[in-house]
Amino acid sequence: MSLSKEVKSFQWTQALRRELQSFTSDVKAAVIKDATNLLNGLDFSEVSNVQRIMRKEKRDDKDLQRLRSLNQTVHSLVDLKSTSKKNVLKVGRLSAEELMSLAADLEKLKAKIMRSERPQASGVYMGNLTTQQLDQRSQILQIVGMRKPQQGASGVVRVWDVKDSSLLNNQFGTMPSLTMACMAKQSQTPLNDVVQALTDLGLLYTVKYPNLNDLERLKDKHPVLGVITEQQSSINISGYNFSLGAAVKAGAALLDGGNMLESILIKPSNSEDLLKAVLGAKRKLNMFVSDQVGDRNPYENILYKVCLSGEGWPYIACRTSIVGRAWENTTIDLTSEKPAVNSPRPAPGAAGPPQVGLSYSQTMLLKDLMGGIDPNAPTWIDIEGRFNDPVEIAIFQPQNGQFIHFYREPVDQKQFKQDSKYSHGMDLADLFNAQPGLTSSVIGALPQGMVLSCQGSDDIRKLLDSQNRKDIKLIDVEMTREASREYEDKVWDKYGWLCKMHTGIVRDKKKKEITPHCALMDCIIFESASKARLPDLKTVHNILPHDLIFRGPNVVTL
């Protein structure tokens with residue numbers, strides 16, 4: 001590794017402390033107050049149970065609910081909290097160059113974190129596998145002659161088998177007040193002794209990163225430090241573990257001075273100045289987001305924490321109420337607010353979707369994804385909306401279970417509302433973030449001379465012709481309405497989870513409630529009707545990723 005790409009961790013920490021000293025404050029009294037409240041208010045038998053859960057090799061939804069419930073109790077007992085607040089950064093206090101640098105680093109950090117949560121190396125998988133998949137993997141490893149992962153070794157696999165992995169977000173951070181309360185109660189040590197011990201650890205942290213050897217030497221003076229242990233894996237360490245990192249953070253928060261990063265307070269009024277200072281430190285020491293998967297370096301750490309929440313103490317506060325990740329909670333708007341000359345601002349809702357197509361990177365991504373379409377496989381197409389104003393398009397290949405399914409914000413909102421009542425039942429508000437330009441890009445990328453099946457071809461033919469795709473051939477199966485809808489309920493029962501956009505009540509001309517029309521469901525319904533049976537799909541997936549289908553209008557989401 002070249003010197004220019006060497007992470008000089010403590011040197012970076014010291015530089016960040018110098019640059020951000022005006023954003024730090026004395027939080028010692030507040031931390032001790034919160035620790036006292038936790039000592040008096042927490043059920044430590046439940047704390048012990050959660051610590052046991054965090055030692056399990058496989059954890060499920062019940063375990064997660066137990067952790068989240070205890071976290072909620074902690075949240076209700078403390079004053080130091082970070083709140084969920086979206087932060088939109090525009091050119092102004094931060095220059096366009098600084099915003100672009102910030103955007104690039106957040107994107108790199110996102111990629112690094114996602115890789116660390118789902119690494120490919122055998123035996124170090126950190127994502128969500130079901131119990132059945134884990135057992136099956138063990139059998140496969142034995143078949144191919146690979147050893148079963150050592151359960152007690154470093155890099156132990158601990159997996160959350162949960163239905164909604166987003167509920168794991170922001171549930172594992174350490175808090176000085178919680179660390180102190182657990183140390184005092186569970187080691188039967190007075191809180192004042194814990195404060196003194198951690199303060200000494202914090203003083204050491206002003207000149208170096210404390211390690212286990214330092215800890216061993218300090219134990220003679222402070223026996224309570226004996227509860228601190230080395231964590232073999234940093235995967236999902238909770239606030240209830242006695243890790244060295246948690247203890248060092250607590251020590252830093254207890255110092256009256258030292259300009260410790262742990263005492264930074266971020267507010268809407270100072271967030272841009274704080275980020276500007278962070279970027280200033282980055283430039284001075286050539287800090288960067290490392291490609292290496294693992295613990296975050298000091299620059300990555302402060303970047304993530306500050307962008308996660310727009311209000312609160314990013315290092316030491318309770319953040320379990322925050323929704324989303326750093327790249328979701330910080331958005332960058334690089335558009336100019338200066339109106340065009342002689343161009344009156346349109347009334348809200350009157351101009352339709354923003355006239356912005358795909359970016360170059362999105363176009364290249366779509367081109368790669370569309371390469372997975374089999375041009376010779378039987379393929380269905382269906383649309384919702386008008387041919388000149390479609391709001392939903394689906395292309396489905398039953399042989400391999402793959403499909404293209406996306407949405408479009410309508411131009412004619414009055415017509416959309418009529419169609420919603422009598423056909424698709426979609427909510428206009430749900431389409432505001434649909435990616436503009438996707439319809440033309442997808443249709444333009446379909447293989448040359450492809451043959452598509454449909455039930456009713458007039459609107460689809462007009463849509464294809466409007467995109468100069470007269471080479472694409474249509475086969476209209478021309479079933480009766482009754483025959484075409486025969487498998488409607490069965491398809492919705494089995495595959496309805498694939499689309500959650502049809503939320504309204506739909507009535508026919510006789511004002512009788514009917515099932516909303518979904519372009520994707522209709523493709524599967526027509527396939528079922530034509531074969532007189534439900535398709536047996538081993539796998540089913542949309543080749544378009546969610547962040548290509550949706551985006552914030554005029555805003556780049558990081």
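Note: Cβ is positioned from N, Cα and C throughout, glycine not excepted.
If you take every residue in the region 'Binding site for the cap structure m7GTP' (54-237) and average the pLDDT, you get 80. Taken from Swiss-Prot, the feature region 'Binding site for the cap structure m7GTP' applies to 54-237, supported by sequence analysis.
For Asp522 (Mg(2+) binding site), the Cβ neighbour count at a 10 Å cut-off comes to 25, with all displayed protein chains included. For Asp382, Glu384, Asp522, the entry in Swiss-Prot reads Mg(2+) binding site, with the evidence type experimental evidence.
Annotation source Swiss-Prot lists Mn(2+) binding site at Asp382, Glu384, Asp522.
Among the features that Swiss-Prot reports, Zn(2+) binding site is placed at Glu392, Cys499, His502, Cys518, with the record citing experimental evidence. Counting only same-chain residues at least 6 apart in sequence, those with a Cβ under 8 Å from the Cβ of Glu392 (Zn(2+) binding site) are Ile383, Glu384, Gly385, His405, Phe406, Tyr407, Arg408, His424, Met426, Met501, Cys518, Ala519, Leu520. Secondary structure at Glu392 (Zn(2+) binding site), as computed by DSSP, is strand.
The annotation site 'Important for exonuclease activity' is assigned in Swiss-Prot to Asp459. All protein chains included, Asp459 (site 'Important for exonuclease activity') registers 17 other Cβ atoms within 10 Å of its own Cβ.
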Item to check | Where Asp459 (site 'Important for exonuclease activity') sits in the secondary structure, as DSSP reduces it to three classes | outcome: helix
Checklist entry - Which whole-number value in Å describes the distance between the Cα atoms of Asp382 (Mg(2+) binding site) and Asp459 (site 'Important for exonuclease activity')? => result 9
Checklist outcome for this item: Out of Glu384, His502, the listed binding-site residues, fewest other Cβ atoms within 10 Å surround the Cβ of His502
Checklist entry - Within 8 Å of the Cβ centroid of the Mg(2+) site residues Asp382, Glu384, Asp522, which other residues of the same chain have their Cβ? => result Ile383, Glu392, Ala394, His424, His517, Cys518, Ala519, Leu520, Met521, Cys523
Item to check | Residues close to Zn(2+) site centre defined by Glu392, Cys499, His502, Cys518, Cβ within 8 Å | outcome: Glu384, His424, Met426, Met501, Pro516, His517, Ala519, Leu520, Met521
Checklist entry - Which ones in the same chain are close to Cys499 (Zn(2+) binding site), with CB under 8 Å and 6+ residues apart in sequence? => result His405, Cys518, Leu520, Met521
Checklist outcome for this item: Students should find that the Cα atoms of His502 (Zn(2+) binding site) and Asp522 (Mg(2+) binding site) sit apart, in Å rounded to an integer, by 13
Next on the checklist: Just to be sure I understand the packing, how many Cβ atoms besides its own are within 10 Å of the Cβ of Cys518 (Zn(2+) binding site)?
Outcome noted: 27
